[in-house]
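Asks: Okay, here's the structure, questions in a sec.
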Amino acid sequence: MGMLFPGLILASLYIVYILIRCTLRPEDGRRLPPDENEPTLVRKLWITAVALVPPLALIFSVLGTIILGWATPTEAAAMGALGSVILTIIYKKFSVEVLKQALKNTLLITAMILTILLAGNIFATVFTISGGLIGTQRLVESAQLSGWATLCILLLLAFIAGFVLDLISIILIIIPIAIPIITKFEFYGLDPSQVKSWFCILFLIVIQTSYLTPPMAPAIFYLRGISPPEIRLVHMYKGVAPFIALEVIALALVMAFPAIALWLPEQMWA
């Protein structure tokens, strides 16, 4: 839940930027030509509201049950799977072949994630047992860096790692090293558990930013695979630059005001 307000800030920044951009340069966001059969605004809102009910119900069956304390994450995941099957039946898309394909895809994704988790845990365990964690902590202490300098270095490492590694790998490699180091410092009078949560939110924002940043920009390469051929990679690089700046603004806001990330979780678990 700590990412809710930072996520809303990012979404708001995106919306404001797009509105300003399209106001100053209407050709960048042309309206669709009017259609004689186009429904009224009220009709559009009604159609949208009705269409949102099934996905929102599915989201609530997973996240809502966790937040309200009705289910554990594992039970909520089962609720989500059951809800997906029910929606498939309602939409008359359910069949044995669809179920087999869903199970196959689930097994493939699960095996991939568990393999990454296994490798990450092996790395973290070997790194800790071999004295790497203690050595890293001593290196930081001997450098006599301030808390803010250490924070910036760790976030920079995460940013660089985001160019070549997926999120789970980065978490399993960097977080076990970074958390014991960063919680030794004091920021804004926060206790170690708050510093840990705050750092993790900053960490996620940085990873998201690295996924958008050229020249690697994994997110852009994913998008390139499904984009029309007339849209070239250089167009995407140019288009993503303002959004990278907005990500940096959001990161700076969360760094300057930790309550943005910490207030909601503290209220929920108080």
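Positions of Cβ are set from backbone N, Cα and C atoms, glycine also.
Take a look at what TrEMBL says about it:
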- 5-260: domain 'TRAP C4-dicarboxylate transport system permease DctM subunit' (DOMAIN)
- 6-24: transmembrane segment (TRANSMEM)
- 45-70: transmembrane segment (TRANSMEM)
- 76-94: transmembrane segment (TRANSMEM)
- 106-134: transmembrane segment (TRANSMEM)
- 146-179: transmembrane segment (TRANSMEM)
- 199-223: transmembrane segment (TRANSMEM)
- 243-264: transmembrane segment (TRANSMEM)
Asks: What residues elsewhere in the chain lie close to the transmembrane segment (199-223), defined as a C-beta under 8 angstroms and at least 6 residues from its ends?
Replies: 2-3, 6, 10, 151, 154-155, 158-164, 167, 170, 174-175, 178-179, 182, 233, 236-237, 240, 243-244, 247-248, 250-251, 254-255, 261
Asks: By a Cβ-Cβ criterion of under 8 Å, what residues six or more beyond either terminus of the transmembrane segment (106-134) are in contact with it?
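Replies: Sequence-distant neighbours of the transmembrane segment (106-134): 166, 168-169, 171-173, 176-177, 180.
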Asks: Which range wins on Cβ pairs under 8 Å with the transmembrane segment (6-24): 45-70, 76-94, 146-179, 243-264?
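Replies: Per the Cβ count, the answer is 243-264.
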